[in-house]
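Colleague: Sharing a structure with you now.
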Ligand SMILES: [Cu+2]
C-alpha cells in the first residue's frame, strides 16, 4: 500500500510539472516573447521521407522480381490459367493504386514540410472530387469481384461425372491419402476406429472399404479430371498445390473438396524445367503446429496408362494384416463395425455427393 501511495504521488508530481511547463509556454505565446524552435530535424525528416520512398520502393521491387519464379511456378492444370489471369489483373490494378498513393504520401510529406510564414490552405470539400474517387474505385472493385466470382464458381462447381476421386486427410504432421478401390467408392470411415495401424479409421463392415487403399504419394492421370476430397483429423490445415493452382482448407469436422485437371506429367515438367529431380508437391500452408514444415507430399502426374498400371499394383486395406487386426480390436472396444451391435454407419462420416465413374481403362482391369 505504501509503495502504491509513493507511486501515485510521483505520478501526480510529474503531471503537475508538465502542466507548469505548458503554462509557461502559453504565457510566453500570449506575451509575444515565444520563439518557436523548429531546428534542422524537421528538414532532415522531410528528406528521409524521400529516401525511404526510393530505397524502400527499390527494395520492394527487387524482392518481388527476385522471388518471382518461386511465387509463379509453371501452370500444370486447366483452370490454372483462369486463376492466373484473375491474379495478375488484380495485382496490376492494386499495384497502380499502391504506387500512386505511396508516391503521393511521401512526396507531399516532403513538399509540405514546415516553412516559416506558410499557412495551410483551408479546403472544406469538393463534390466533384468526392464523386470521382467514390465511383471509379466502386466500378473497378465491382468488376474485379464479379469476374472473380464467375471464375471461382466455375472452378469450384461440381466435378465432372468421369473424375477420378481420392481423399486427402491432414493431420499433425503429415498427409494421408486414400483411394477407392475398383468399385470407385470410398468406404465408410469412423474416427473412433483410428489407431496407429488404421490411421484413416476404416470401417470394414462397409463393403466399399475393403478394396480402398492408402498411398504414400498422390498419383493422378494427365488430362483427366481429379476430385480431391479433403478432411482434417485435428486442426486446420490447407491443401496447397501451387503448380495446379489448387488451394483448399482441410477443416476438422467439415469435409471440403477441389477438382482440377492436370495437363503436364511429372516427366514433361522435368524436361521443361531441365530439372530431373523436380516433383509436384502438396504442401500445408496453414501454420498448424511445430511440425508444420514437414507437411509435404509428392504428387506424380502419370500418363493415363501408367496411372492405371500404378492403380492396379496397389494393395487393398483388406490385405493389410496389421490393419485388419487393429480394426478387429478397435471394433470390439468401441462396439462399432463388425465387433459391435451398432451398424457400420453409426457416427461415421458418410460420403455424400456425386460418386464419379472410373477411368474407362481402370474399370476394365
Ligand atoms: Cu498443416
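Just so it is clear, glycine is given a Cβ too, placed from its N, Cα and C backbone atoms.
Taken from TrEMBL, the feature domain 'Cytochrome oxidase subunit II transmembrane region profile' covers 62-159. According to TrEMBL, the feature domain 'Cytochrome oxidase subunit II copper A binding' maps to 161-313. What TrEMBL records for 334-365 is region 'Disordered'. What TrEMBL records for 6-32, 44-65, 85-110, 131-152 is transmembrane segment.
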Colleague: May I ask for the residues of the chain that lie six or more residues beyond the transmembrane segment (44-65) and have a Cβ under 8 Å from a Cβ within it?
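Modeller: Distal contacts: 102-103, 106-107, 109-110, 113.
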Colleague: Tell me, what is the mean pLDDT of the domain 'Cytochrome oxidase subunit II copper A binding' (161-313)?
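Modeller: Across the domain 'Cytochrome oxidase subunit II copper A binding' (161-313), the average pLDDT comes out at 88.
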Colleague: Checking distant contacts: for the transmembrane segment (131-152), what same-chain residues at least six beyond its ends satisfy Cβ-Cβ under 8 A?
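Modeller: Contacts with the transmembrane segment (131-152): 82-83, 86, 89-90, 93.
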